[in-house]
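Features of the protein shown, as given by TrEMBL:
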type: TRANSMEM; residues: 17-36; note: transmembrane segment
type: TRANSMEM; residues: 48-70; note: transmembrane segment
type: TRANSMEM; residues: 91-112; note: transmembrane segment
type: TRANSMEM; residues: 153-171; note: transmembrane segment
type: TRANSMEM; residues: 183-205; note: transmembrane segment
type: TRANSMEM; residues: 225-246; note: transmembrane segment
type: TRANSMEM; residues: 258-280; note: transmembrane segment
type: TRANSMEM; residues: 311-338; note: transmembrane segment
type: TRANSMEM; residues: 350-374; note: transmembrane segment
type: TRANSMEM; residues: 395-412; note: transmembrane segment
type: TRANSMEM; residues: 432-454; note: transmembrane segment
């Protein structure tokens, strides 16, 4: 049975809560856990957090509303959505294609990082961590994993298999059910870790580090906050458009978009209140990226009471965050094949999963001395893995966000845009809110995203 045109009820979310859980799961990814805590602490603490919340409100939520609106309006995947709404100028279809390509590329290397989490979850279960407290031993453990093609390919295979199984079960039976239970489990695990962290000696210093106002907040800090607010919510690649296409016509776009942003922000700040106390309790400085969660956190937790249990809970949390994001990326690509080629979900799912899996192999072996690793590093300055991340983060996502903002703000029929914004929404029916949103989408969002893009590219 194909899933196109006027979708049957089984191809819609069973409830608005299911949509919020799935979309929040997409937004809540590894970046919330390994990036936000570091950049918040290093860029002014409380000042950064307040400015970040402002960025979510004035940049993140308006673009999310625009994406979800396009999906609900067309009941289609990204490419088909732009095809249906851009009959006068077919060039807008490029925005949909760009998002699909970005999602496929991101999942191909995101799966490798998620595989690292699976490996560390396995080590937590079998007690495979170094027995001493030597930081170099934990660094060597992580380096050996990154450099091991065999381990990377194995865990990449396992993670993609889990992700594919969920997507193949469809919207209600697979994605929504997993999101409902997965996000509940994620918040429970995060709460357990936060309670544990609050009992540690490093909790008070961590709170001061995170929330104390400082003079470290600069123009660069503002750009960091703007950039993370945009990337954290899975904007610019069509994931929210795809998930929005499974909404019923009467569902509230504005209210649910706000709920998704709140859930994502709660997890980001909650991660800070977990990771920093753990690191500070054993005298470690927080770092950014994989080093935080694969080196410092295991090293710290295994020196603390009940640390082995805490480590197991932490990597379960990490796996859930990675899975909910990966599922949304694969679903977007699968929906593209279903809508464009009228394939069944099983054929589209297996085909796209295999393609993304194969595309991820070069990233899996990028830590070695071969062509995709040291070879490209020597000739181009970055490995295949690093190049894929650079292309997606610095080009594809910003261009997608700009395209969606301009399309909804200037090309979408004004009467249709107003109706979709206010449809069954108490908040969306406020005239001043619609006017403010339209101003942001038309002018502020494209300008700000362009500035972020130029900053990330090193222009200033």
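Using the three backbone atoms N, Cα and C, a Cβ is placed for every residue, glycine included.
Looking at which of 17-36, 48-70, 258-280, 311-338, 350-374 has the most CB pairs under 8 Å to the transmembrane segment (395-412), the answer is the stretch 48-70. Beyond the ends of the transmembrane segment (432-454), by six or more residues, the same chain brings 58-59, 62-63, 65-66, 223, 226-227, 230, 254, 394-395, 398-399, 401-402, 405-406, 408-410, 417-418, 421-422, 460 to within a C-beta distance below 8 angstroms of the stretch.
Two recorded stretches are said to be in contact when at least 3 C-beta pairs lie under 8 angstroms, sequence spacing 6 or more; the transmembrane segment (311-338) and the transmembrane segment (48-70) fall short of this definition.
Between the transmembrane segment (153-171) and the transmembrane segment (350-374), the number of CB pairs under 8 angstroms, six or more residues apart, is three or more, so the stretches are in contact. A Cβ distance under 8 Å defines the sequence-distant neighbours of the transmembrane segment (225-246), meaning residues of its chain 6+ beyond its ends; these are 7, 11-13, 19, 22-23, 26-27, 29, 31-32, 35-36, 39, 43, 48, 51-52, 55-56, 59-60, 63-64, 67-72, 74-78, 81, 96, 99-100, 102-103, 106, 171, 253, 260-261, 264, 268, 325, 328-329, 331-332, 335, 393, 396-401, 404, 448-449, 451-452, 455-456. Counting same-chain residues at least six beyond the ends of the transmembrane segment (350-374), those with a Cβ under 8 angstroms from any Cβ of the stretch are 104-105, 107-109, 111-112, 115, 146-149, 152-153, 156-157, 160, 163-164, 167-168, 330, 333-334, 337, 343, 383-386, 388. When each of 17-36, 48-70, 91-112 is scored by its Cβ pairs under 8 Å to the transmembrane segment (258-280), the top-ranked stretch turns out to be 17-36.
Residues 29-30, 77-83, 85, 152, 155-156, 159-160, 163, 236-239, 241, 322, 325-326, 329-330, 332-333, 336, 352, 355-357, 359-360, 363-364, 385, 388-389, 391-392, 396-397, 399-400, 403-404, 407, 411 of the same chain lie 6 or more positions beyond the ends of the transmembrane segment (91-112) yet place their CB under 8 Å from a CB of it.
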